[in-house]
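J.: The following block contains the structure, expressed as structure tokens.
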Amino acid sequence: MSVRLSYGASLASIPRCFDLKSSKITVMGDDHSGKTSLVRSWLGSSFQISDANRYRVSDLYHKTIQFDTLVKYYRTFGVKGQLPNYAGFKAKNSGTIYESCGNFLEERLINANKSTAQRRTSIDVQVFDTNQMEVSYLSELTTLQIRQSDAIILCFDSTNDSSLASLESYICIIHHVRLECELDIPIIIACTKCDLDSERTITHEKVLTFIQELGFSPGNLDYFETSSKFNVNVEDLFLAVLLKIEKSKSDRRKLL
């Protein structure tokens with residue numbers, strides 16, 4: 001039986017959208033889909049090949065991010081005016097950052113957070129690295145984990161077709177909780193092990209079709225191709241997730 005942790009926050013506390021000092025990211029996906037390596041790469045740990053036979057439990061990590069880092073991340077791509085080639089889809093999804101999600105970032109970092117930025121200088125980012133979810137039923141613990149999340153990263157292994165297919169079940173469960181709790185929790189899809197070109201079984205075209213059918217778009221920073229081993233797009237992935245959290249919280253505050 002697998003053991004899964006929760007963030008430990010009380011659901012009776014203030015709504016997550018009013019927490020301006022922390023962001024909670026849950027990383028989900030099949031076992032051995034590269035979740036742990038992705039998280040540890042972002043935390044600055046050295047890359048290690050996972051032992052497929054090793055039993056593991058869910059882990060909760062912390063990392064402090066300066067709020068200015070998010071502002072600089074936005075301004076970098078705003079000034080360049082180009083969407084980074086995160087997914088190998090640049091030719092099909094070319095355009096400026098303003099064309100694809102300009103209002104999305106502009107409102108968040110310039111308008112919505114103008115006063116917020118003056119009150120805080122850093123964000124405590126809590127990353128919850130889960131083990132494989134039981135998709136056959138929705139447990140109370142799984143519901144709690146999703147409800148406590150500010151955003152969810154769904155990982156699949158570019159060399160394992162079944163890990164991509166599993167995402168549909170994960171997304172259905174997350175959407176169910178989102179509707180039930182009336183929460184707009186951002187979901188970002190991450191393809192791991194993109195450095196293993198010779199072993200890759202999932203083509204860019206297949207990924208694009210799959211994520212578009214589920215309502216996701218690389219142009220909206222919904223999808224990233226990553227390599228934990230060579231630290232490809234890892235930092236960009238997590239910064240984009242944090243930007244999405246800022247917007248989600250801002251939108252939620254306006255409704256309350």
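Positions of Cβ are set from backbone N, Cα and C atoms, glycine also.
In case it helps, Swiss-Prot gives these features for our protein:
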BINDING   G29, D30, D31, H32, S33, G34, K35, T36  ATP binding site
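Give me the local environment of each listed feature.
T.: Proximity of K35 (ATP binding site) to non-local residues of its own chain (separation of 6 or more, Cβ distance below 8 Å) is seen for V27, M28, G29, D129, T130, C155, T192, given in sequence order. Under DSSP, K35 (ATP binding site) is assigned to a helix (H, G or I) in the three-state scheme.
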J.: Looking at Cβ-Cβ distances, which residues of the chain lie under 8 angstroms from D31 (ATP binding site) while being 6 or more apart from it?
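T.: Counting only residues 6 or more apart in sequence, the Cβ neighbours of D31 (ATP binding site) under 8 Å are N131, Q132.
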J.: Helix, strand or coil by DSSP: which one applies to G29 (ATP binding site)?
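T.: In the DSSP reduction, G29 (ATP binding site) maps to strand.
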